[in-house]
Amino acid sequence: MRRHLSLVLGSLVIGLALLIAPGASWAYPFWAQQNYDSPREATGKIVCANCHIAKKLTQAEVPQSVLPDSVFTASVKVPYEEGIKEIGADGSEVQLQVGAVVMLPDGFTLAPQDRWTDEIKEETEGVYFTQYSDEQPNILLVGPIPGDQNQEIVFPVLSPDPATDSNIHFGKYQIHVGGNRGRGQVYPTGEKSNNTVFTAPAEGKVASIDAGDNGASVVTIQAADGTSTSETIPVGPQLLVNVGDSVAAGDAITNDPNVGGFGQVDAEIVLQNPVRIYGLLAFFAAVAIAQIMLVLKKRQIEKVQAAEGNF
């Protein structure tokens, strides 16, 4: 019941947002939160890719190792060509929005703000972080936010301490990262957005191109047997066909207006036991002392040999 209520309220919020700002370039993580218990499927695919079909590069930078109960940053880069714009929901050109999801290992969470350094505060200015769910504080989301200012998104992370949580162990862990720029090509309902290419539903000739609702175009294709099939093209994509053109099923009848895309990448991080570090430092110190002693002993022997040679 609670899940359905959240879905209804969320849908109302999105509907109002689209009415108020129809030209915005939305990339809602809301859909993933409402439709999937986890943002990562058993196959390893992050579910954002179900709507953001186009693939683009995403990069992640994390420390090689961290100590328990320490604050570090995970950086997600969602690069794209500066100045580029995309088609908004109303067909107008809008700035790209970006977003990111970081799936941290269990126990790792968003660092509390009172432990952020001045550098972290500067890097995260204007960025709002949310948890995927109350039960999954290790999965962090950002977006949509303006892409022209945030092609690199920095996540402040707090590492767990095995000394205070018996479920946490020292060792190597994986971090799963997803980054997106721009709107999706498919809605969660399965319908195409106006940010994708439209194809001919059947083979035949374009019989008519009529004006539809809200600036859409209705392309009617008549097959050789006389049957007709229509495809509604929303405002945004540009038609590539004219009345009388012959098309095959699956042929593109519009351009592809999409300029964005989604990408995912995995990274590794080691939760390091400080005792091992101290032991390693002690080992290095012992080796250094042993080498110094060997050098001193060698010089002592050389002096003795030199003294014996004088007699």
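Any Cβ shown, glycine's included, is placed from N, Cα and C.
Annotated heme binding site per Swiss-Prot: Tyr28, Cys48, Cys51, His52, in sequence order, evidence recorded as sequence analysis. Summarising the annotation, Swiss-Prot assigns signal peptide to 1-27. Residues annotated as transmembrane segment in Swiss-Prot, with sequence analysis given as evidence: 277-297.
Cβ neighbour count for Cys51 (heme binding site): 21 (other Cβ atoms within 10 Å of its Cβ, all protein chains included).
The 10 Å shell around the Cβ of Cys48 (heme binding site) contains 25 further Cβ atoms across the protein chains shown. Look at His52 (heme binding site): DSSP puts it in coil.
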